[in-house]
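Everything below concerns the one structure shown next.
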């Protein structure tokens, strides 16, 4: 801005000087050309001497006027040329600034577009690893791998009750409705294999505690007498019938 203001000031100064010299030269030329204003046209007592001196003075004034007019024209042309040059430089600097701004914005937009395209391609052709595929259905094992201390700590009561509630009761209903139907050994073996060891151990311990609470004997009630389900074998009758069953001699 300072350089531009200085250049404008120099242009104005050259223009003013050129115009002043041009106007002064024109005035001097008009002074000699218009009759009555020149000293040669004024009447004097000395005739020949004044005529010769007036002609010399007239020629000198004309030469000075021509020099002033020429210098003024040159200064004006110089001021015009300098102003045109400065305007061209300003335009070139503005164009360079625009080009730099466009060059700065275009690569940024191209980088954003390229990043978006790469993200789209990676999301389309993304292949999960073996560990991710194997750990998707087993979040508990993943948590144990991340925190090895969890394997040492015991499960909470809420988790145990949730496991009991989450177990399906369809198998119990089937066994109650069809008591005579024998269970399939293969299905039971597969169920035992598929069940985790921890859950099976916790369930067995809880069932044992429940049965113990149910069958807890009272102090006032006498202990129940245990009777066999089937009657004892009749050994006496078999021994008595044995000699009769022998064939006669």
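Glycine is treated like the rest: Cβ placed from N, Cα and C.
Computed from a predicted structure; not experimentally measured.
What Swiss-Prot records for this protein:
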| type | residues | note |
| --- | --- | --- |
| TRANSMEM | 17-37 | transmembrane segment |
| TRANSMEM | 64-84 | transmembrane segment |
| REGION | 95-126 | region 'Disordered' |
| COMPBIAS | 99-108 | compositional bias 'Polar residues' |
| MOD_RES | 109 | phosphoserine |
| MOD_RES | 114 | phosphoserine |
| REGION | 161-199 | region 'Disordered' |
| COMPBIAS | 167-178 | compositional bias 'Polar residues' |
| MOD_RES | 178 | phosphoserine |
| MOD_RES | 188 | phosphoserine |
| COMPBIAS | 190-199 | compositional bias 'Basic residues' |
| REGION | 213-249 | region 'Disordered' |
| COMPBIAS | 220-234 | compositional bias 'Pro residues' |
Helix, strand and coil counts within the compositional bias 'Pro residues' (220-234) (DSSP): 0 helix, 0 strand, 15 coil
Distant-in-sequence Cβ neighbours of residue 114 (phosphoserine), under 8 Å, six or more positions away: none
